[in-house]
Amino acid sequence: MKELFLSLFTVKDLRNKFLFTLFVLFLFRVGSYLPIPGIDSVALKSYFKSQSDFSIANYFDFFSGGAFSNFSIFMLSIGPYISASIIVQLLVYSFPSLKKMQEGDGGRQKTKKYTKYLTIVAAVVQGYATSLYAKGIPGAVTIPFYRYIFVAILTVTTGTFILLWFGEQINQRGVGNGTSLIIFSGIVVRLQAALFNLFQSMQDPSQNVNPVFVILIISIFILVVILIIYEYKAQMRIAIHYARANSNNTVSSYLPIKLNPSGVLPVIFASVLITLPLQILSGFAETSSIARQILSYLRPNGFYYTFLNVILIIGFTYFYSKIQLSPKDISNNIRKNGGTIPGIKSDEMEKYLDEIMNKTLFSGSIFLSIIAIIPFLVQNIFRFPHDVSRIMGGSSLLIMVGVALDTLIHIDAYLKTQGFSHGNKKNYAFLQKI
């Protein structure tokens, strides 16, 4: 780990990229405290302070890094964009004609354009829903409501696209994946508050928090982090033999299939897909008994919420991994390059790879699901503060560890392109292990 931090400060270009990334994330944090025009911050603070840990409002606030409770310009984060991306990818996967349209640079540009159009639609819908939610907060809206709706929708939609631009700037000039780091930073800022609440609960006799349980949970937290790292690196290697030109000899290689090829994306997608309808329903909770009933069933970290989250994680693990690693495309590429899999006929290669992928994806999705239910277990068994249970496991921990590992891989790739992987192999041994 020491070598990693040294590289961030001793390699000039990498240092500049790292500092630029921190600067962009700092701008995101500043924007999280800038409220939408027409909102009374004092009324908001009083309202959110009165909300229980189990409320939908606190759930939104947790994953937005505090932007939701401030009704800030970034209160939707990049959720609308992720929702739009899911819809577009589902359509492309379902319709072969759309899949053909995506081929080539021109096709990919069209897909990006349609995704941005859908992002606007999703942001407008969510912006309208949050406007209705603000109307239900006593004294929160200080201007005529019809005017506030227009201002709020325009502001949060613009805020979402500003964050997308931030993410693109990090991709081009910074370190790591920009959109993932924005989500990551929003969760990390809640870590300090969660730990503070934990130690505060230990000192409060009415909370009845056993210090032994605290040590146990922290130990479990460390163990889970280690398991996530190992799961992230785990892979099955399939031997491949390539025939040499003008020779009877073969060259042996292998095809690595990760336990979870899509990384942290299924968890992010599942979280966003749950949040979207919850945000819309919360806007109508004041006037609709049906919306209130659905929200009560989908209480964060409740049974139905956890069950739905697990189903979505499993579904997105299979869906997104099959998009990234198509058995048909892989088998075609192996055959084109004169490769064979020992013991497998050429025309059965696709079926074999599909079976192997299904087995690895099943194990990977079950692991992610087990991690996802940890907050539910911690909250209901040990009665820990709600934000503490979210940090100790589940989607938040998977996102934090997954994005951190992805960033390390980006750093490793950059160092290799700059010639550090050979000349300074000893100094970057930690990165090589990752």
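Note: Cβ is positioned from N, Cα and C throughout, glycine not excepted.
These features come from Swiss-Prot:
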{"type": "TRANSMEM", "residues": "19-39", "note": "transmembrane segment"}
{"type": "TRANSMEM", "residues": "73-93", "note": "transmembrane segment"}
{"type": "TRANSMEM", "residues": "117-137", "note": "transmembrane segment"}
{"type": "TRANSMEM", "residues": "148-168", "note": "transmembrane segment"}
{"type": "TRANSMEM", "residues": "179-199", "note": "transmembrane segment"}
{"type": "TRANSMEM", "residues": "209-229", "note": "transmembrane segment"}
{"type": "TRANSMEM", "residues": "264-284", "note": "transmembrane segment"}
{"type": "TRANSMEM", "residues": "300-320", "note": "transmembrane segment"}
{"type": "TRANSMEM", "residues": "362-382", "note": "transmembrane segment"}
{"type": "TRANSMEM", "residues": "391-411", "note": "transmembrane segment"}
- Item | Long-range Cβ neighbours of the transmembrane segment (117-137) (under 8 Å; 6 or more residues past either end) | 39, 43-44, 47, 71, 75-76, 79-81, 83-84, 87-88, 145, 148-149, 152-153, 155-157, 160-161, 164, 276, 279-286
- Query: Taking pairs 6 or more apart in sequence, does the count of Cβ pairs under 8 Å between the transmembrane segment (264-284) and the transmembrane segment (73-93) hit 3 or more?
  - Reply: yes
- Note on the structure: For the transmembrane segment (73-93), the distant same-chain contacts (Cβ-Cβ under 8 Å, at least six residues beyond its ends) come to 28, 31-32, 34-36, 63-65, 67, 99, 102, 111, 114-123, 126-127, 130, 155-160, 162-164, 167, 179, 182-183, 186, 268-269, 272-273, 275-276, 279, 319-320, 323
- Lying 6 or more residues past either end of the transmembrane segment (391-411) yet within Cβ distance under 8 Å of it, the residues of that chain are 4, 7-8, 14, 62-63, 175-177, 180-181, 183-184, 187-188, 190-191, 194-195, 217, 220-221, 224-225, 228-229, 232, 263-264, 267-268, 270-271, 301, 309, 368, 371-376, 378, 384, 431, 434
